[in-house]
């Protein structure tokens with residue numbers, strides 16, 4: 001019973017305080033994440049409380065954008081939220097969302113704060129208030145329109161989910177699982193194994209989308225309930241550490257396709273050297289001829305690499321899960337739920353199928369199919385889009401790095417709603433079944449402010465990705481043969 005209580009407390013209040021990273025900075029562009037270290041997930045220390053009071057006791061001042069921008073370092077970091085200035089220097093290391101907060105040191109964090117935080121977090125801001133922002137010029141019209149649009153969507157109830165809709169998705173997933181298992185129960189041939197593994201891979205992909213929904217707080221108003229089902233679908237079904245995923249995914253949402261000043265990726269989703277370079281600027285950081293030899297063929301390698309995506313993610317997740325720095329409760333929860341995944345997966349294979357070769361074939365094929373199906377959707381969403389290393393506001397950063405694919409009932413389901421990826425990046429806590437309702441308004445917003453609303457067919461998106469990879473591969477070939 002004590003373990004259950006610990007688990008619920010962990011989900012509700014301390015799920016994301018797994019690690020805080022030390023950073024190396026390049027100008028104002030944010031952190032390069034390097035070394036993990038354990039941070040206590042308990043309450044504030046007396047020293048922290050005193051430091052917090054010292055912030056509160058200061059007489060509020062008036063600050064310019066330049067004043068705020070000068071406080072952009074660990075230990076000396078300010079942030080703007082709704083035209084007010086906050087000194088978060090003593091809070092940043094204990095931020096429940098982890099290191100993602102560092103991507104907005106010295107910047108206006110209004111939109112990212114509103115996007116990712118519950119109402120209770122707004123009250124906590126008062127503890128760090130030091131003054132008001134004095135703008136030398138009016139707020140960017142794009143940001144003003146975006147904030148007005150978000151407020152309108154809230155009034156219209158578009159951030160409230162249909163529980164019946166999510167129940168239906170869960171039942172569809174259960175049917176996929178049952179069909180996969182029934183196939184190999186009925187027929188033990190290799191053809192049946194391929195069919196069953198394909199269905200199981202599709203099941204894993206679709207459970208990935210459900211985990212994504214829950215962990216973005218799209219389904220329930222209660223964050224603990226969302227976290228519980230996130231762990232169920234994430235750790236238990238997919239076998240991925242939820243906390244590992246949250247750490248990298250939060251940074252992806254706040255800094256999509258962003259690099260530091262030296263073009264080292266901050267967004268781990270484009271940190272794929274030495275196998276893939278997603279921009280010529282990233283390629284320019286490569287000096288090794290051996291790596292250039294690989295990169296000149298990257299447009300041919302992308303499809304085979306997608307098959308291996310699950311293995312890459314699994315490796316990263318397991319390194320995180322079995323990190324000895326995890327505290328006892330957290331480590332037990334992560335290890336136990338991930339171990340449960342491998343237990344049922346292995347049991348299904350070896351209990352149903354005879355021998356060793358056939359169970360292993362089924363397990364490997366499932367992983368390959370799941371990797372392809374997940375990776376294919378991710379690749380179409382952001383790859384081949386702009387990669388940048390200068391500070392951008394939240395809205396522009398999301399739109400210029402993101403691509404939609406043409407909607408249809410199958411694409412909506414297959415991609416887990418990520419065919420409306422632009423809408424998801426602008427409003428990640430909105431239930432995905434509402435994205436089609438807001439798409440025309442988002443497209444109009446982009447058109448009004450001269451931003452490309454990239455919405456192409458799946459084939460068109462695939463061609464765009466391969467074309468971008470080939471252009472970079474050609475550059476790698478030129479550099480290689482020029483040496």
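First residue shown is number 1, and so on along the chain.
Each Cβ is built from the backbone N, Cα and C atoms, and glycine gets one as well.
Of the candidate ranges 122-142, 143-163, 164-184, Swiss-Prot annotates residues 164-184 with the feature transmembrane segment. Cross-referencing 86-106, 191-211, 254-274 with Swiss-Prot places the feature transmembrane segment at 191-211. In Swiss-Prot, the motif 'Histidine box-1' annotation falls on 212-216 of the listed ranges 112-116, 117-121, 212-216, 217-221.
Swiss-Prot assigns the feature motif 'Histidine box-3' to one of the listed ranges (421-425, 426-430, 431-435, 436-440), namely 421-425.
The transmembrane segment annotation in Swiss-Prot falls on one of the ranges 276-296, 360-380, 381-401, namely 360-380. Contact between the transmembrane segment (302-322) and the transmembrane segment (164-184) does not hold: fewer than three of their C-beta pairs are under 8 Å, each pair 6 or more apart in sequence.
Listed as Cβ neighbours of the motif 'Histidine box-1' (212-216) (distance under 8 Å, sequence separation of 6 or more from its ends, same chain) are residues 166, 226-227, 229-230, 233-234, 242, 245-246, 249, 416-417, 428-429, 431-432. Ranked by the number of CB pairs under 8 Å to the transmembrane segment (191-211), the listed stretches 225-245, 337-357, 360-380 are led by 360-380.
Here the domain 'Cytochrome b5 heme-binding' (60-134) has a mean pLDDT of 86 out of 100. When DSSP labels each residue, the motif 'Histidine box-1' (212-216) comes out as 4 helix, 0 strand, 1 coil, counted as helix, strand and coil in that order. Residues 181, 184-185, 188, 193, 231, 235-241, 317-318, 321, 363, 366 of the same chain, all 6+ positions outside the transmembrane segment (337-357), place their C-beta atoms under 8 angstroms from a C-beta of that stretch.
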